[in-house]
Amino acid sequence: MSSIFDYTLASAREALRARKVSAVELVDAHIEAIERLDGGLNSFITRTPEQARLAAKEADTLLAKGEGGSLCGLPIGIKDLFATEGVRTTAASKILGNFVPPYESTVTANLKRDGAISLGKLNLDEFAMGSTNLTSAFGGVENPWKRRDSDAKLVPGGSSGGSAAAVAAGLVLGATGTDTGGSIRQPAAFCGITGIKPTYGRCSRFGTIAFASSLDQAGPMARNLQDCAILLESMAGFDPKDSTSVNKPVPHYEAALGRGVKGLKVGIPKEYRIDGLPAEIEAIWQQGINWLKEAGAEVVDISLPHTKYGLPAYYIAALAEASSNLARYDGVRFGERVKGDSLDALYEATRAAGFGDEVKRRILLGTYVLSSGYYDAYYLRAQKVRTLLQRDFLKAYETVDVILAPTAPSGAFAWDEKPTDPVQVYLNDVFTVPASMAGVPALSIPAGLDSRGVPLGLQLIGRFFDEETLLAAGSVLEKAASFTHRPTIHAGVSA
Amino acid sequence: MSLDAKTVAKMARLARVGLSDEQVHTYQKEMQGIIGWVDQLNEVDVTDVPPMIGTGLAQPRLRDDQVTDGDCREKVLSNAPDREGPFYTVPKVVE
């Protein structure tokens, strides 16, 4: 082991148990890396080094006795959308700039229960609304990757951009993300890491600040699939506090990694071959098909006929739910208040000052599609299209076990290349949104670099609650791709 | 469908988001573009298709009618931007 930053979550777990490294050493090294690199990357909104050092000492005491949970002593980061008791939770919004939750989200409570140590709260698009991490009220996040020929700052993707950047740069061994329409998978692809959006209902939404409740789902982001499997096993599980949580036992996900794909049927959806798909994306997709074939999978062409309507239906559903969910930020019970002469003036001034442009635009559109006279034309129609999108997947899964597609239609782009037209920005999610709408699980793994040296991801989409098949097929792709590239900015590279 | 400035101002009022005239103008253009784009959903035949309300995976469940949480007034009030004793404050609502 040449550097402490070569550890994965899994190898660090082994080293901790074998007492080759202490939790204090591991945590200190990562805190030092954050101090060294995160002034530039800006992947953290709130750092919690004191709490982390304290927890590391306790972890070492347990480990010395051969005790401690499955994640004992492992430093991770938490997307700042999960409520953490006593630690400021902002959703990257000014309106929650000083919000300190008196309660803990179920997902972070599960990770804590198993001994994971949080180094702080990670940056994101404001209220998880965005695909660039540039809408954060705490400043954009820089992708630790650079193009070969340029020093331009690239976006890490979004909304879980801080999580992806921190994992890629070696500042944490893993992180939590949330995915509403691609917010785990797209940043994972842009930053050359692995991320899983589990089945809707697999991880509790309790204590996760809501964007679009029928779509939001928490999941792990880490450097490889085994690390994601370890985190997911801790995060997942039934929670009576979430009415959409599904009461199903959590499998031992790591065990599925070695299953292989012999005899597995892999669907290739023809509708994902969209017009203008860059040749490099097409090529990496074909490479993925070949890798699975070589490992013994049978590849089948399939059709998901309503794919084209996934994005517009998604935006109606998500914006409608967002406008309703964000009604609670009114400056009365919590959050920043701007004074007004009347109650309405207080609300309007508070929300005008507290929300950023993207959030306001989505609230206004959501209000519009739910308003009297337009509800049937927009919201109800979108929900019907959602039924058709889900039927597409259920029909496909009558003949295939898993679906392979690109994660995003491009690699990471530069901060100043972000399109000004919101619709163009939304198109980033074209391949990730359909699985979100159907509620099925999906993952992204890094599959290679484009000609400019920026990572590209491949996506696998599975059946309801069949994360294990995703892990089995993903593991085959991961081995074949053997993605060992590192970003320009990395904790293990001394300046 | 056209989305005019008056409608944007009305939505802002309904959603209690204060907007300047200039912002109304900007949002009007952007929202018009987005609504124009989502209008492609009209191409889809949704006859006899039920709306998807959820994934249908979670079973509705009953629980015992018992208090399981509460008695934490200070915690609940701990983030209030302004308060008087155990109350949230707001501007005068009734004259």
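Backbone N, Cα and C define each Cβ position, glycine as well.
Unlike curated entries, TrEMBL annotations are predicted automatically.
Annotated features, as they stand in TrEMBL:
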type	residues	note
ACT_SITE	A:K79	active site, charge relay system
ACT_SITE	A:S159	active site, charge relay system
ACT_SITE	A:S183	active site, acyl-ester intermediate
DOMAIN	A:25-471	domain 'Amidase'
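Location within the structure of each feature annotated in TrEMBL.
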residue: A:K79; record: active site, charge relay system; CB count, 10 Å: 33
residue: A:S159; record: active site, charge relay system; CB count, 10 Å: 35
residue: A:S183; record: active site, acyl-ester intermediate; CB count, 10 Å: 37
Rounded to the nearest Å - Cα separation of A:S183 (active site, acyl-ester intermediate) and A:K79 (active site, charge relay system): 11
Integer Å distance between the CA atoms belonging to A:S159 (active site, charge relay system) and A:K79 (active site, charge relay system): 10
DSSP three-state call for A:K79 (active site, charge relay system): helix, strand or coil? strand
